[in-house]
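J.: After the structure tokens below, expect a handful of questions from me.
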Amino acid sequence: MLNKQLSIIGVPMDLGQNRRGVDMGPSAIRYAGVLETLETLEYMVEDLGDIEIARPSRGQEQLQDNLRNLKQVAEGNEKLAEKVDKAVADGRFPLVLGGDHSIAIGSLAGIAKHYENLGVIWYDAHGDLNTSDTSPSGNIHGMPLAVNLGMGHERLTNILDYQPKIKPENIVIVGARSLDQGEKELIREKGIKVYSMHEVDRLGMTAVITEIIEYLKDKTDGVHLSLDLDGLDPSDAPGVGTPVIGGLSYRESHLAMEMLAETNMITSAEFVEVNPILDEKNKTATIAVGLMGSLFGEKLK
Ligand SMILES: NC(=[NH2+])NCCC[C@H](N)C(=O)O
Ligand SMILES: [Mn+2]
Ligand SMILES: [Mn+2]
């Protein structure tokens with residue numbers, strides 16, 4: 001059983017990339033029944049509502065130093081960091097609903113403060129390890145993992161006035177199949193553990209998750225799950241802004257969540273990149289809620 005006291009925090013952030021719609025992710029996930037699902041599993045859920053995020057005025061989008069909407073993204077993440085920090089300080093499990101993946105900057109800033117060695121499972125098609133120097137897009141949602149390692153603009157790395165938030169040896173990326181050149185170099189340089197689709201196909205999800213649990217279990221004092229819905233194959237989860245073919249299946253993803261649930265090692269989580277505009281009848285948000293069910297201990301028997 002995970003921590004029974006849950007705080008849900010919505011982050012309607014879409015400024016970390018350039019496709020509108022992902023700001024509606026928290027509403028879509030709520031509509032898909034996140035509260036009901038968790039309450040059925042006997043969690044005490046408090047919904048803290050949504051963080052206020054600035055709306056970009058039309059044509060006012062700022063690309064400065066290859067960082068799109070830096071100011072608004074930084075400000076939104078500062079607010080999120082404070083909310084999450086408080087939830088953890090109050091002994092609650094923060095469950096953050098995105099929004100684009102740039103929100104992992106604020107959530108990890110708020111969470112990592114409370115741990116000596118926070119582990120991070122990054123379930124994603126991408127590495128999100130770019131900096132403004134290596135990013136092909138200038139989109140901050142492709143940078144949060146690097147930011148949490150203390151790399152990048154200091155407006156982002158220094159949220160809550162400490163850095164780095166996490167250590168490279170405490171990170172595991174699962175489902176990667178689209179890595180930029182700079183990201184590959186950083187992975188090699190920092191020795192970050194990556195289970196790309198190649199390893200998932202070779203070993204199978206059971207072995208992958210068993211290895212991850214083994215890898216993180218003794219050296220971490222908490223584990224954050226950062227689940228980008230684009231880690232799943234777009235045929236299962238079409239409602240995402242940067243879909244990449246050849247992804248993790250619905251079934252593999254449920255298995256992964258169930259295996260993590262059995263360990264009780266997850267201490268915080270976020271589900272990001274649900275874009276209802278690109279979705280088919282709220283399918284992706286519904287899958288997100290289903291995965292949360294498995295992560296929080298739903299069983300068939
Ligand atoms: N969180 C995400 N969906 N990230 C996608 C990043 C795509 C690409 N690597 C970039 O930096 O722009
Ligand atoms: Mn991502
Ligand atoms: Mn991604």
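Note: Cβ is positioned from N, Cα and C throughout, glycine not excepted.
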J.: Figure out which of ASP85, ASP128, ASP201 sits with HIS101, ASP228, ASP230 in the Mn(2+) 1 site per TrEMBL.
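T.: Looking at ASP85, ASP128, ASP201, the one TrEMBL places in the Mn(2+) 1 site next to HIS101, ASP228, ASP230 is ASP128.
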J.: Round to a whole number and give the Cα-to-Cα distance in Å for the pair ASP124 (Mn(2+) 2 binding site) and ASP228 (Mn(2+) 1 binding site).
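T.: About 5 Å separate the Cα atoms of these two residues.
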J.: State the three-class DSSP label for ASP228 (Mn(2+) 1 binding site), counting H, G and I as helix, E and B as strand, and everything else as coil.
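T.: Going by the DSSP assignment, ASP228 (Mn(2+) 1 binding site) falls within a strand, counted as strand.
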J.: Between HIS126 (Mn(2+) 2 binding site) and ASP228 (Mn(2+) 1 binding site), how many Å separate their Cα atoms?
T.: 9
J.: In the same chain, outside HIS101, ASP128, ASP228, ASP230, whose C-beta lies within 8 angstroms of the Cβ mean position for the Mn(2+) 1 site?
T.: ASP100, TRP122, ASP124, ALA125, HIS126, HIS141, GLY142, SER226, GLY231, THR242, VAL272, GLU273
J.: Give me the count of other Cβ atoms within 10 A of the Cβ belonging to ASP128 (Mn(2+) 1 binding site).
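T.: Excluding its own Cβ, the number within 10 Å is 28.
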J.: Three-state secondary structure of HIS126 (Mn(2+) 2 binding site) from DSSP?
T.: strand
J.: Say we define neighbours as other CB atoms within 10 Å of the CB. Which of the binding-site residues HIS101, HIS126 has the fewest?
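T.: Ranked by other Cβ atoms within 10 Å, the binding-site residues HIS101, HIS126 bottom out at HIS126.
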